[in-house]
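For reference, TrEMBL has these:
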type: TRANSMEM; residues: B:24-43; note: transmembrane segment
type: TRANSMEM; residues: B:63-82; note: transmembrane segment
type: TRANSMEM; residues: B:89-112; note: transmembrane segment
type: TRANSMEM; residues: B:118-134; note: transmembrane segment
type: DOMAIN; residues: B:137-317; note: domain 'ABC transmembrane type-1'
type: TRANSMEM; residues: B:141-160; note: transmembrane segment
type: TRANSMEM; residues: B:185-211; note: transmembrane segment
type: TRANSMEM; residues: B:263-280; note: transmembrane segment
type: TRANSMEM; residues: B:336-356; note: transmembrane segment
type: TRANSMEM; residues: B:394-413; note: transmembrane segment
type: DOMAIN; residues: B:506-685; note: domain 'ABC transmembrane type-1'
type: TRANSMEM; residues: B:509-532; note: transmembrane segment
type: TRANSMEM; residues: B:553-581; note: transmembrane segment
type: TRANSMEM; residues: B:632-659; note: transmembrane segment
């Protein structure tokens, strides 16, 4: 296997050496084949994909939008059947993503500019029932407030479904000495529905959720405040308030990146460089996502971003064409 | 269903035959059961699954896959060929102007099936326009139509082959069972691995799921062809090909058409699963998006597109079958009308193609169901405490004892100290044993055995019942109903689940599906009886069943979750909502099939209406009723995979976790376990119908 691939590599290098002088001008642009942009199952990602797709179209590329599940997209991404996946949350992509990046089967192009984080959230009205929130210490005496018949007498945390990777909530409960139990939420729709129903029924829930997410614009939610995250907190028990436990701190910041098929850099070099430039911030992204979820057309919202940020993206294109 | 012959049940109970052997059998079984439970109590270590050496079958499957990956280039070409037809059709439907597609499809329905179906098609297409999802609907239509065409062609020929070569049939039938019982999610990742990303995976998954009904019905139809017909063809000097094509297939036609119809429904139910992989940008994707945002109204609006497309194709195929039967002759006037309409369609179509009129449906006219969400929140605000009480009652008195057992519940209560509980447990066991002995003396040892097993189940809970107790009880039942082979199959299935490390998830699955099926039977049977007895109820029940069966299962989850929160109870209700349909349908069907002669004979004998029902109708309908339960078990397993999206644990969840860890082997293994549980339940229930009819016939 290794011998074969090495031989291929030499052959490819040789071909490049012969081919390069002839295509020196065109190599910047690369292939005219369509770039396949993954459209995942959440709004914010769709906005990023549409905006990035428009950028690449402006640069002269053909872009094809392909719907793809966030779990099922990894295999096609590593095989080149999809080219780009915007907005991959590295902490929650499961071990499969990490493994594919380590093996060099998926390339990380760069950050999206979004700053993601996960953590425990609750509806604002719960502060009346559990005084002391949003400080985590308040939860010590509030397991009854968040208790359900499934977890009684413990409090319930609606956690990420197990297929999104470990949130280490159970470890945090132990480390902080909280009498809570983590229960799988099942899916994004399920957790969202549970939060909405909690506010309608005035029955408090504690859920693991992530932001940026448009739900924070719709519902009055608050985050539980925990000691700031540090790398040692996850490895060194003596760190932090509990000297004998790890994870006695907040959630690790979630890097949100653009991932691509490793062959993209060679096939569409300029497109790759444009995406390296791409940045959007949380507030802007959430504003757009909220518009879409309130009924605006996705394409119109992406067009609006393009007209408003013309100078910004022109600079990215210019930088990439140098 | 009409082909099902129902044996006349004798009014006298003839169970005495061979009862001596049976008495003996159950006494031994009871003895072993008590012994096993004692072993578990005395040496709890034995029932610990961690102490067993497990087979890493999941990893073996992965290893086989990595070798088979050599085939990927070939399979990818196959996939491209398969998806070619879909891609062309989807492109065509997208490119054509809306009025043209509308007129062409409606007149096609009129020519094939007549006025009624054409009106249905018109209404359905208008709904697609009004919902604002025309282009997505057309993609879905293209996907479903291509999947149906492939499934029925493949299904027909496999069916013919299976009919002609009996040795092949013995391989085909178990394969069909697996194809229909394995959750589709389990084989999505392997398919993705081999065929690459794209529409081909969704199409192939649809064909795998939708072809079996066609195969089954083709085989059944050909088998039921009277031998006289085949022999006449043979004597007339027909070649085997002519015999098949001119004699057998026309005779089996109606049964084959039933298969086509079921294949149509199955293909539409796969739309959502295809959307889960992606690559389609169809209505399934829209349903998933609205569910992800927990927008109930939108999910119903988009889900209805799938329901209505399925209904339209269903009506057209059914009507086309009866319409085009060789005996029917088209009257002169209608023929003229047809010509006129055909010419008109072509003219309008050409006008549309030349001028390409832009039809725009104002956004403000679009069908919206935002009200549903508001109504739901209002309902929750109003009845939060009542809902919580309903849930708590069910949870404490039904689900929890079934899941973790009364024993743990007693031990878990704050007041019971360990000693107090053990003393209680000792009394309880003595009391239960006493009742068992009494039952054995007064009723039968069989009743005593099941009483003991039921109390053990309630005491340990389905998830805490030691594996050897469960395996023994199920095998004993299987032996009683189906003899040595069925018992061996039961032991093998449970042994496989145990040794591959899936026991824990499987027991949770069995608990939640079992509870779901029990509730479905309790609620569904009375509804079915009402529908069979009352002319007012039936017309209401049928469309409701149609709706629930073809709407994407996902649509149920969010509203139920908003009412009852994350967890088992919500998963259970979703399972009940789905598995109750076959119970209602088959109960109604079974009771309607009871021959009028039997009923009249009973009345002539002087039976009261209650006696007629309990002693004549119910026993006569029993085989069909059991078939309904059989279907309910399969439906509940299908829903279980989806219920894990609201946090229900079990094998369904194992599949999702495997999906994220890129372990196709484990996912497939969990899927195989679910399929095996489904097949085992099916065999046991079938054996019990056979036994029932046998003992009646004696």
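Any Cβ shown, glycine's included, is placed from N, Cα and C.
With a cut-off of 8 Å on Cβ pairs spaced 6 or more residues apart, the transmembrane segment (B:118-134) and the transmembrane segment (B:141-160) reach fewer than 3 such pairs and are scored as not touching.
Long-range contacts of the transmembrane segment (B:89-112) within the same chain, counting only residues at least 6 positions beyond its ends with a Cβ under 8 Å from a Cβ of the stretch, are 118, 120-122, 125, 129, 134-135, 138-139, 141-143, 145-146, 312, 316, 319-320, 323-324, 338, 341-342, 345, 348-349, 352-353, 356-357, 359.
Beyond the ends of the transmembrane segment (B:24-43), by six or more residues, the same chain brings 433, 436, 440, 444-446, 448-449, 452-453, 456, 466, 468-469, 472-473, 476, 480 to within a C-beta distance below 8 angstroms of the stretch. Residues of the same chain lying 6 or more positions beyond the ends of the transmembrane segment (B:63-82) and with a Cβ under 8 Å from any Cβ of it are 150, 190, 193-196, 198, 200-201, 203-204, 664-665.
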